[in-house]
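A.B. asks: One structure is given below, represented as structure tokens, and several questions about it will come after.
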Amino acid sequence: MNITIDFETSHLVFPTVIGVILAILGLAILVRDRRRIAAAGSYWRETLGWMDKKRFFGTLVLTLIYFSLMVPVGNFWPNTGYGFLFCSVPFVFLSGLLFMHDWTLRGIIPLAIVAVVGPTFVWWLFTYPLFLTLP
Amino acid sequence: MFEIITPLFLSLIVGGVFVGIVFGAIPGMTATMAVAVSLPLTYSLGLENGLALLLGLYVGGISGGLVPAILLGIPGTPSSITTTFDGVPMAQRGEGEAALRIGIVSSLVGGLISLLILWLFAPTLADFAIRFSYVEKFLIIFFALSVMAALSSDMLLGIFSGVLGVFVSLVGVYDISDGGNGELRLVPPGTEYWLDGGFALLPVLIGLFGLAAILEEAERGVPSAASSDEIAIGKSSSFSFSVFRGQTLNLIRSSGIGTFVGILPGVGGSAASIISYTNAKTFSKHPERFGKGEPAGIMASEAGNNGLTGGALVPLLSLGIPGDSTTALLIGAFTLQGIQVGPLFIGNNPTTWNAMIFAMLIANLVMFAMMYFAIRYFALVVTVPKHILFPVILMMCVIGAYTINYGIMFDVWTLLIFGVFGWLAVKLRLEIAPFIIGFILGPSAEVYFVKSLESFGTLSIFFTKSWIAVVLWILIAGSIAGSIAMSRKKAGQVADPS
């Protein structure tokens, strides 16, 4: 079978081949696992049932807020990396509190120290010795 | 050769092994995660020093998994799963430290044997692979994907995951530097600015192995770390080297199995240790003792999973195909330094090759010395609170993703996208290792496939180019047929358990 590849459309050749293979495989999975797929609703209800929703969704929300705020905060002090530093300290502290099971002063004090020292050390390491600009 | 062995080089190996053991010893953290979060540090270290750190982390991370596997019954890394079978009963008998030392010595043997195979075998394979044209190179990738899919727990989902990885890797521009036409594809309207270069490899890897692992832990409520009272380390005097008498064959066989499994692309350490353990049990004079605290079981498991470390580097350094997810991350370190791994790597970079072999050797010896003599202190690592570790690791993931391309915020969002995808993939029973290998090899597969067709103008060239192509097709067909036979046998056993 002879094939001529037009250079102008050559970027679509391989993605089309892979796309077709992916669709065939997807269809095969759909046919083979139809019962399991049909029961997906109960599977996800069960998963959500035993999942620690507070910690899982809390991690996602905190991470989203952390990522979203880093650049806007950093824009107040351009090219200093303060956006990373000022967002990381509360993020490490709050996610640590989220993961902690018993909120005791003995547990919170070391966490607070790590939340301040950890990001500050990383910010210093990347800003000065490694010369990599953070947001 | 000796100019690379500087105090910094040696300190990075020692530091890498130490941090790797700590990561491996904490359940939920893996060698892959240790390498992922440490990648940005290699920026300013240079290639040889950066690799010294990463290889130290790799060896330490794989070895550290035996600590919680024996003391708590929780494998620190998936590759230590079979270590729990005999390690826990030994710990319950008050022989925790003896079990740990048996595991440490076996890890050293596995690591050194696999290193020897890497040293002997990789250059030969690379010399052979230099002769490959685009056609054979494409078929090698196809073979790697088919082996990986065939050895997945579900072949169909394994193939789907690998092909999905290839598909995702094609997002963005068909690069002119690869002979492409510079046109965009698979990019949704409005996202051209961010997706012009596609998804960057390292944020994808950091997301899949860093954030996804933490999301899984969060889903399970971030189980508390063990207290020091729960650690059953036992008496220090209960270990003797005489336990290895008559176990030479077991150690060599398990190390060999681990190395061979490592050479197969995308097959992880858990497969290496399970196959080694099963073989040790089958060939043992006392199979009934396995699972009840038999030292030979720990030897097989640990020699097998450490055998993986050298084996997984063989296809990476000779063909450019990573043997497991951690070596896939090492590609990132090479990319950061602008070096491409493949058949020409060893010949063109003899200093780096020697540095890697030397670093692996030192890493194994340092791992042994650290763990053998300070195992009581490493055992305490399992008590480090996760509510302190995980937020710091998340922060390091952000640093890694952001700095990898000199400060692109979209890479941080890529980390989040693939972190969530990694968590979701486990729920959907997709296989992460084939996905990653597909993602890494996808762009090369495209270039080899399209260039082969442009040059020869026929699909039949993939079957008729050379005898190597024919052999590769036989291997591809064999791996698929073998997998189908295995799944039928498994299905038969389920249907008729008697």
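Each residue's number is its place along the chain shown, starting with 1.
In case you wondered, yes, glycine gets a Cβ from its N, Cα and C as well.
Quick paste from TrEMBL:
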type	residues	note
DOMAIN	B:11-437	domain 'DUF112'
TRANSMEM	B:12-39	transmembrane segment
TRANSMEM	B:51-77	transmembrane segment
TRANSMEM	B:98-122	transmembrane segment
TRANSMEM	B:128-148	transmembrane segment
TRANSMEM	B:155-174	transmembrane segment
TRANSMEM	B:194-215	transmembrane segment
TRANSMEM	B:327-346	transmembrane segment
TRANSMEM	B:352-375	transmembrane segment
TRANSMEM	B:387-404	transmembrane segment
TRANSMEM	B:456-481	transmembrane segment
A.B. asks: Considering only the recorded stretches B:128-148, B:155-174, B:352-375, state which has the highest number of Cβ pairs under 8 Å to the transmembrane segment (B:51-77).
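C.D. replies: Per the Cβ under 8 Å count, B:352-375.
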A.B. asks: Which stretch from B:12-39, B:98-122, B:352-375, B:456-481 shares the most C-beta pairs under 8 Å with the transmembrane segment (B:327-346)?
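C.D. replies: Looking only at B:12-39, B:98-122, B:352-375, B:456-481, the most contacts with the transmembrane segment (B:327-346) come from B:12-39.
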A.B. asks: State the non-local partners of the transmembrane segment (B:128-148) in its own chain: residues 6+ outside its ends, Cβ under 8 Å from one of its Cβ atoms.
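C.D. replies: Those are 158-159, 162-163, 166, 264-267, 315, 318-319, 321, 342-344, 347, 433-434, 437-438, 441, 444-445, 447-449, 451-452, 455-456, 461-462, 465-466, 468-469, 472-473, 475-476, 479-480, in sequence order.
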A.B. asks: Please tell me whether the transmembrane segment (B:12-39) and the transmembrane segment (B:387-404) touch - that is, whether there are at least 3 C-beta pairs under 8 Å between them, with each pair 6 or more apart in sequence.
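C.D. replies: They do touch: at least three Cβ pairs between the two stretches lie under 8 Å.
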